[in-house]
Amino acid sequence: MKGKTAAGGGAICAIAVMITIVMGNGNVRTNQAGLELIGNAEGCRRDPYMCPAGVWTDGIGNTHGVTPGVRKTDQQIAADWEKNILIAERCINQHFRGKDMPDNAFSAMTSAAFNMGCNSLRTYYSKARGMRVETSIHKWAQKGEWVNMCNHLPDFVNSNGVPLRGLKIRREKERQLCLTGLVNE
């Protein structure tokens with residue numbers, strides 16, 4: 001763990017400190033490798049900022065209860081992050097058979113849900129059908145085909161229809177973590 005911090009304006013915070021606090025609370029299932037992946041991909045900022053999507057954000061990818069101009073403490077950032085991770089974990093448990101998943105697969109899928117949101121991981125809009133349809137990753141998870149599920153994480157690299165380098169890198173890291181410890185089933 002490199003203890004990476006966010007770049008850019010405003011005060012930064014140490015991901016390693018946030019991981020220690022969250023893991024010490026004992027409430028999340030996501031393992032240390034998963035927390036490192038999420039934390040390093042999201043970065044950590046004490047001061048609120050407007051993200052590229054036009055949403056006020058602070059801490060580690062937190063968009064809930066953000067007050068522009070109000071700097072957060074380590075404890076506040078860790079509490080927000082833990083709540084957001086628990087939301088992502090609930091998605092994986094409820095919709096992707098998370099309780100049956102190996103820990104690394106669960107942690108990687110939690111990272112994807114944290115980043116994309118539950119609905120975007122489960123379904124996408126098909127122009128051809130004129131409606132939202134089930135994603136391949138969701139289909140494989142429902143079958144308990146963890147290797148196939150993991151190998152579909154790189155399907156999610158676009159933002160507004162444009163592939164982003166940062167998402168390609170993150171999804172490949174998620175895929176690698178997801179496959180760690182799995183055997184061909």
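Cβ from N, Cα, C; glycine included.
As annotated by Swiss-Prot, topological domain 'Cytoplasmic' applies to 1-6, with the evidence given as a curator's inference. Look at Swiss-Prot and you will find 7-24 tagged as transmembrane segment. According to Swiss-Prot, the feature disulfide bond maps to C13-C44, C44-C51, an assignment based on experimental evidence. According to Swiss-Prot, the feature topological domain 'Periplasmic' maps to 25-185, an assignment based on experimental evidence. Per Swiss-Prot, the feature active site, proton donor/acceptor maps to E42, C51.
In the shown protein chains, 27 other C-beta atoms lie within 10 A of the C-beta of C44 (disulfide bond). Every protein chain considered, the tally of other Cβ atoms within 10 Å of the Cβ of C13 (disulfide bond) stands at 23. Note on the topological domain 'Cytoplasmic' (1-6): mean pLDDT across this stretch is 39.
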